[in-house]
Ligand SMILES: Cc1cc2nc3c(=O)[nH]c(=O)nc-3n(C[C@H](O)[C@H](O)[C@H](O)COP(=O)(O)OP(=O)(O)OC[C@H]3O[C@@H](n4cnc5c(N)ncnc54)[C@H](O)[C@@H]3O)c2cc1C
């Protein structure tokens, strides 16, 4: 089986963690060709060539691919599709934007958020906010799927494989990029961090949310948030963990002032160890916590920061 | 400008989902069903564009079982003008796949000629996050997914999108598909008088067969299982005890 893996490339750089995890899923299916697309993607291509499991890297460079707008990237992938049985990508927002479009261009059904690969046609994926896990078997000739990275270990490294450039179809001109407002942070990436400290509505304000950041910095952790914290403006949207935000599975997840709604649990319940700090002993978060502490977070969180 | 909004009838987001013991699926009989929350946000946005004078008509469409009429009535009560139900299944447990839904919507778009389709970014039952993107591909239209801000000027829409790294703003040429995220707006509740008025608004019924679309699934659900349960945890009495436990485990 021939597999095309769309690498996660942002601003010309390979996002190693997401791509390496999707590679592990891809390698189970066959020989993997990695596609690096962007306004500049050569450096990403060089990096991808050293990912264990890559047999070839394709580099597609064109201004139209610069911000990974769905129309142009989907058109590129569709133009390459003939040679592959599987087309995969890590389930990032970029890939979720692009791959369903690719699937429809190929008249196949996309398989989103694959959490386990059973065989060439059969995959597991969470549904109903992770309340159920479905095993689905695709009858389509080609399989187009996004890979939930928390379900797979990152692939290791190898001696670089061959890198080729591919022709890019003409730009569709359907949409134009205007601007990115990307948060620069010294903290580790939320989806690959070993420790995540998350805050919820219980923090009460953007200013108070700083105590979550302080604990995270003490631990070298990433910061997450519940939807309520994001909706209330205490935290930016890219910190949201959950059914419709990011899915994380760190070694340690510390939930502070988060009640534990099913939509939040969907994004963190595969964490190895979960700590919950909440003043309400009835809060559902305690049902899935390994260590629960009933306390006022305004006392407990700074104390924890001090004592660690 | 006409706006088309697809809406899906799904299990209410507050209902605890029960996986059937025989692994055949999730129990949906006698369970509270509601409009997919993201679709409520899409309906709200379309109505606001009409209230601002940008849109002239808001048409809502639902694809599925006949009970989806209730979902359409909710959208009409919120302020949509007209509804179309496309019957594509008899059993409430049948989920029509996004590809088939997109094909049906493409036919409806052909008939209705909207300039904008506003859809939810994902349905909270199958969690596919695909219909809008697929429809956009089938029509060859521009797409802007995960919108947290939307403005329409002339023949283009400016959309701010929630992406992994933060926010991205793009400009899409109309006609376009926009899929909406949680922060776009807060949907209104339908008032009682509007619920009464909605009963008289037009609701057309078609079938997938009328539209010539094959809705046979491409993915066969082999099994539906409960997720792995977590081992029971313990309560700690103090911050000191918590620190001790975390150190013992080598986590900090
Ligand atoms: C379609 C849809 C998608 C959604 N997607 C997501 C998602 O991706 N992620 C997500 O998180 N949510 C999501 N939600 C929202 C979800 O249902 C909950 O509303 C949300 O997770 C609640 O956030 P919270 O726990 O911070 O707030 P609340 O439920 O209000 O809980 C706040 C908690 O803080 C505690 N608290 C308050 N003060 C203190 C204090 N001083 N000390 C200690 N504890 C305190 C309270 O006891 C309470 O348990 C979604 C909802 C819908 C409908």
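Note that Cβ sites are derived from N, Cα and C of the backbone, with glycine treated the same way.
The following features are taken from TrEMBL:
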DOMAIN    A:3-181  domain 'Electron transfer flavoprotein alpha/beta-subunit N-terminal'
BINDING   A:201, A:226-227, A:240-244, A:257-264, A:278  FAD binding site
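In sequence order, the binding-site residues near chain B (CB to CB under 8 A) are A:243, out of A:201, A:243, A:258, A:261, A:264. In this structure, A:243 is the one among the binding-site residues A:240, A:243 with the smallest number of other Cβ atoms inside 10 Å of its Cβ. Other Cβ atoms within 10 Å of the Cβ of residue A:264 (FAD binding site), summed over all protein chains shown, number 27.
Of all the binding-site residues listed here (A:258, A:261), it is A:261 whose C-beta has the fewest other C-beta atoms within 10 angstroms. Taken residue by residue with DSSP, residue A:264 (FAD binding site) is part of a helix.
Same-chain residues at least 6 positions away in sequence with a Cβ under 8 Å from that of residue A:201 (FAD binding site) are, in sequence order, A:226, A:228, A:229, A:232, A:234, A:257, A:258, A:259.
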